[in-house]
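Engineer: Just dropping this structure here.
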């Protein structure tokens, strides 16, 4: 936990003072703070619970070193400190604990070494013992701001037979810059800090009772002349906390308590990455994976049944079953989850746009988004595979149906991406259809000008690409909104390929949300056409191309989402009609 825990005291001579503080160091110790870690200069203590090992950073100080250290320290001067304002002896550099699990160091000293931290702790100390107090002057309180940090403060009294009112005022504060984290840690900090306070008060009470028993002050108080003015009693106004509790190891114990408090408070609350509901692509992929597993289990079960029926011919039956059982690659191809080869000819949509040219790429992208059949004819199988891998990123997973490479033409209802070898004939009515686009790859007679601009890739310069369709997209046609935004991202050279990919993901999510709204509105609620037109206007998708795109993308919705809506979401009008 990135916080500072400090013990503060209101001195009768000097006002609020910081006695002892513990801070967390994630980075290597600063110069001077870690000098006590060298061999022969560190007093090792026994290993504490939780993997924390404490040591006292004791080193020899020459008079010159002590003077230089005091002059550079952000703390108060020696003349402004009394015995009650000082915790560690002069020349004592403090304590340090090493957390082996997290490689974090917990360092304790009287004041933070960093001037900015010293100022923050000093201000919190003054406020906790002056203006920011709870009723009764004992108890917890919360205060702070964004600039100086947020503070959890718990004030308390320690018995002292020689102090004014027979008690001295202290506070334990925890300072953080994260307000929400500190507020959420309130119950934990309150319970643990109250335990530390109770232990201190218990030790001080025993000393107080012993002093009162040995030297009662009642007669002295009765003989003292009355005066309306406050004055110092005949005693030491600067008694240290170690003398009040009669505990020489007090600061070492406080260090272990504060270090454990910081570690435990940081461990009890952890940040978790909260992901939203799964996307439609994720749901579709999960459904296809479940179908593959179910089909694979059915093949295994049928094979086991054959072996039981004919044990004598089990070997032959197994051979026939293996021959008839589709392989995993065929499963993936059939469900549109085909994986491309390692060799990638087309690197990205931007790369393909450079190779095909802007007009041809726009025509191809328009047909892809509309759900029309895209046919690639080439002898290079890797080229066709890489083209489909790039083009499929424009569509939701549920809308992709790929046959990577076939020896015969397949109908559009079976696939919207079809790879063919050049000799395979395509029916005439398909070539003339406005719902089909064909990309023919020929060997170039001369160097193709487009790949020349593609950085270090010259593998496509030997090809010529001819994009044809029965209904070419007019140059002045507006096209779907997502296509225009996609082309704007592809033409923006200030955007890297990775940024363009993320932009495309955001665009698909935006339009899939519109598809979900339209599906519920039309299929579940069964609203009239007039209301549907108003909805499309609100969605910004009233144009013809946008409507076609939404209807095609609606086929890519997962079965899980559709069944959920159909079973749980019903409109009031539909419920009344059923009743």
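Along the chain as shown, residues are numbered 1 onward.
In case you wondered, yes, glycine gets a Cβ from its N, Cα and C as well.
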Engineer: Test of record reading: of 68, 296, 302, which one does Swiss-Prot tag as phosphoserine?
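Structural biologist: That would be 302, per the phosphoserine annotation in Swiss-Prot.
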Engineer: Write down the Cα-Cα distance for residue 302 (phosphoserine) and residue 537 (phosphoserine), rounded and given in Å.
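Structural biologist: If we compare the Cα positions of residue 537 (phosphoserine) and residue 302 (phosphoserine), the gap is 54 Å.
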Engineer: Could you measure between residue 302 (phosphoserine) and residue 542 (phosphoserine) for me? Cα positions, answer in whole angstrom.
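Structural biologist: Computed Cα spacing between residue 302 (phosphoserine) and residue 542 (phosphoserine) is 52 Å.
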Engineer: What does DSSP call residue 406 (phosphoserine) in the simple three-state scheme?
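Structural biologist: In the DSSP reduction, residue 406 (phosphoserine) maps to strand.
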Engineer: Measuring Cα to Cα, tell me the gap between residue 542 (phosphoserine) and residue 406 (phosphoserine) in whole angstrom.
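Structural biologist: Rounded to a whole number, the Cα-Cα distance is 38 Å.
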Engineer: Reported as an integer number of Å, what is the Cα distance between residue 164 (site 'Essential for GTPase activation (GAP) activity') and residue 406 (phosphoserine)?
Structural biologist: 98
Engineer: Specify the secondary structure state of residue 537 (phosphoserine) as given by DSSP, simplified to three classes.
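Structural biologist: In three-state terms, residue 537 (phosphoserine) counts as helix.
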Engineer: Over the span of the domain 'dDENN FLCN/SMCR8-type' (493-558), count residues by DSSP class, listing helix, strand and coil in order.
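Structural biologist: The domain 'dDENN FLCN/SMCR8-type' (493-558) comes out at 50 helix, 0 strand, 16 coil.
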